[in-house]
């Protein structure tokens, strides 16, 4: 990487104007070289001087001249040198010159003025005598040079003067920043003494951390120190060639002094707060800790300021020596004569800064209760520094890369996005050459182009569904033409949902269109509706009370989670579990089961996993307890989907079919809660038996101790009031009309008062809402056409001698299979309307509500695959700190399938028994 870019990427953004202006000095060097070139200088003198310098592009050309080129060699030499200076094209086609290394336009910074007389005696310096430096070093230089005294004096004098100005600028800024940071350091010492954490500064501390690595090693994640005569010498790394290619500026001959070492990638370092930091004592500790971290970052950046500028002076003098044939690097920099009148580059300055940083590490170790583990604390502070630099300079780096890419072939994020957009606009084709080209008036066709998208899996699925739907439309399946077309409609939608040839919610949007096109709606007289009437009817049906309840459930869940009500309550429940792994597992599953009842089983596993972070962080992916915990939460969230009428979309849809039988929230809880709890306990026992969790040692979970605010109490009151109104909805039906109207109350109260914003409303899972709408529309189409009645009568003849229990088992297995392989919600949308019609045709008045209720509960029991429901998808994506997944697909199959069967048994036994005694038949 070129040093000018190296300096840009590693400079503190707020200090940009105060670093060595490398680009300006580099431009000055080439300007001075141009001035020398314009004078009539003998070729031999140039060659003699060049022979004593480091080999480079100019030296190579001059060597050729000395070897005896023709008389025009001088002109060719001048011409080639001008090409280098004035940016003519190189053989690779790139422009030469330094247009790509313009000076950085830094932001104006408001600086605090500090009197230099107030600094420590070590920081006081005398003013720099430029004339003395010029005279001294010019004399030593001119003694070794031939007859070019006048030109050399002018170039040397100008360069050293500008170099001295840069040195004074850097030194002045450093002294002001050091005074500010050291004052903060003294205040920190006083605060630590007041808390009794450390003693005075002159107390001894760990000498092993005195010698700290440069900031560039902290950024790169390595703590190695390089032994070299020059501590600021840059070494090459293993990935030097890779980044050199990435930042290739197509220069014909890259100067070696432009090369610097590069850094290896590091992983991000993060810190998780634990619950012991919520009391007063821990708050003071947190404030002191943050103060130490911030001061550590500032002092390390101050140290990098020294390193980068020292490196810059060395690099720019090396370049001046090569281009202008001087010896400034050895005479000024390596001899350290140039730095004698500065404060920033004194060895005592760097030692004092290293000492302060070392003491901060020691203080941090004492504050964290690890005085004997200084190395670990040092690595932790380095991680904070790394994260700070990545965050602070990310925009700067992106902007610089974007700027560089205007003149070079660097592929930036914007370029990649543009490339992806262009690819997105184009279609890929299979091309087959024609035997003879087809000549048209304006074009000529030589190949037959067929889009590749016609041969993908999605295209094959869609093609198969279209063919089957066409066959069903062409072949008579029912005597009634409307039922015949409705059968094709059901097949088309079911296959689209099952195969996911298009997204599930898009199929939901397609349902009302197909309903109108297939002409399956009938009016009250049994006549087929026209397109206009059918469109109004089906679109009006989609926005129903069910959708309002679904939105209310999302609203309650968002408010409870966003204002930490659910999190605080869950933390107290987990704290009651103690330290036994099986008890902690049971409590975690109980928490997610309880949360699923009120904030849906979509959001509850995410919230529960965040609460379990302190338990999972110390464990890796091989821990049996961690596997059991992650899977147990997922299975419990699946089962929690049956616990309340708003716990899952399938329950909300099912309530629409249960309402005609007078089943409200009270009856729902009476059946669903015992069944769900028993299913959860069976899954808990399965986790204990299949995972060896007894050997894991756990720390006690600490609850979140906080006082609720008025807003939190308001949310709790509104939530409880809404649930109570839903429970007694049948008694107050004359006032509200339906549960959907009650659902408006929390939506208006939370969004109307500003507790939730429009952004929160937009983040609702609208795909689930649209999917539910499609299910309602399909149910309306099937019931209006009379297809369900016909199918129910046909099934009644075959199963009329079977009991309700046997029928529940038959349809229950079907629900389990569809829920496992397709979707819990889709299984409810397709099967429950059919089950209701079958139940209504049976002689037992309780058959229909029992079958509908049982199938509604079984819709949540499909847990055999990693894709079976949102909780399973969340669990399979959970990873440990190293990025390894806790669970595999095999783990889900080996535990999820038995858990599904256990839940199935619970529903057809306990659930069936309670529903038989609690539910009333149709009236």
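Heads up, residue numbers simply count up from 1 along the chain you see.
Glycine is no exception: its Cβ is also placed from the backbone N, Cα and C atoms.
Here's what Swiss-Prot has on this protein:
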- 95-104: compositional bias 'Basic and acidic residues' (COMPBIAS)
- 102: ubiquitin cross-link (CROSSLNK)
- 1-334: domain 'SPX' (DOMAIN)
- 162: N-linked glycosylation site (CARBOHYD)
- 202: N-linked glycosylation site (CARBOHYD)
- 274: N-linked glycosylation site (CARBOHYD)
- 40-74: region 'Disordered' (REGION)
- 86-107: region 'Disordered' (REGION)
- 1-461: topological domain 'Extracellular' (TOPO_DOM)
- 483-493: topological domain 'Cytoplasmic' (TOPO_DOM)
- 515-537: topological domain 'Extracellular' (TOPO_DOM)
- 559-583: topological domain 'Cytoplasmic' (TOPO_DOM)
- 605-627: topological domain 'Extracellular' (TOPO_DOM)
- 649-667: topological domain 'Cytoplasmic' (TOPO_DOM)
- 689-707: topological domain 'Extracellular' (TOPO_DOM)
- 729-735: topological domain 'Cytoplasmic' (TOPO_DOM)
- 757-767: topological domain 'Extracellular' (TOPO_DOM)
- 824-849: topological domain 'Extracellular' (TOPO_DOM)
- 871-898: topological domain 'Cytoplasmic' (TOPO_DOM)
- 920-923: topological domain 'Extracellular' (TOPO_DOM)
- 462-482: transmembrane segment (TRANSMEM)
- 494-514: transmembrane segment (TRANSMEM)
- 538-558: transmembrane segment (TRANSMEM)
- 584-604: transmembrane segment (TRANSMEM)
- 628-648: transmembrane segment (TRANSMEM)
- 668-688: transmembrane segment (TRANSMEM)
- 708-728: transmembrane segment (TRANSMEM)
- 736-756: transmembrane segment (TRANSMEM)
- 768-788: transmembrane segment (TRANSMEM)
- 803-823: transmembrane segment (TRANSMEM)
- 850-870: transmembrane segment (TRANSMEM)
- 899-919: transmembrane segment (TRANSMEM)
What residues, ordered by sequence, lie under 8 A Cβ-to-Cβ from residue 162 (N-linked glycosylation site) and sit at least six positions away in the same chain?
24, 25, 28
Winner by Cβ pairs under 8 Å against the transmembrane segment (462-482), considering only 584-604, 708-728, 768-788:
768-788
Quick check: do the transmembrane segment (668-688) and the transmembrane segment (584-604) share at least 3 Cβ pairs under 8 Å, counting only pairs 6+ apart in sequence?
yes
Counting CB pairs under 8 Å, which listed stretch among 538-558, 736-756, 899-919 touches the transmembrane segment (708-728) the most?
736-756
Tally of helix, strand and coil residues over the topological domain 'Cytoplasmic' (649-667) according to DSSP?
16 helix, 0 strand, 3 coil
By a Cβ-Cβ criterion of under 8 Å, what residues six or more beyond either terminus of the transmembrane segment (768-788) are in contact with it?
478, 480, 482-483, 485-487, 489-490, 493, 504-505, 507-512, 515, 520-522, 537-538, 541-544, 546-547, 550-551, 602, 649, 652-653, 656, 825-826, 828-830, 833-834, 836-837
Same-chain residue ranges lying at least 6 outside the topological domain 'Extracellular' (515-537) that approach it to Cβ under 8 Å:
482, 485-486, 488-489, 777-778, 780-782, 784-787
Under the DSSP assignment, what numbers of helix, strand and coil residues are found in the topological domain 'Cytoplasmic' (729-735)?
3 helix, 0 strand, 4 coil
Three-state composition of the topological domain 'Extracellular' (689-707), taking helix and strand from DSSP:
2 helix, 0 strand, 17 coil
Can you tell me which recorded stretch out of 538-558, 584-604, 628-648, 803-823, 850-870 has the most Cβ pairs within less than 8 Å of the transmembrane segment (736-756)?
538-558
Counting by DSSP secondary structure, give me helix, strand and coil numbers for the topological domain 'Extracellular' (757-767).
7 helix, 0 strand, 4 coil
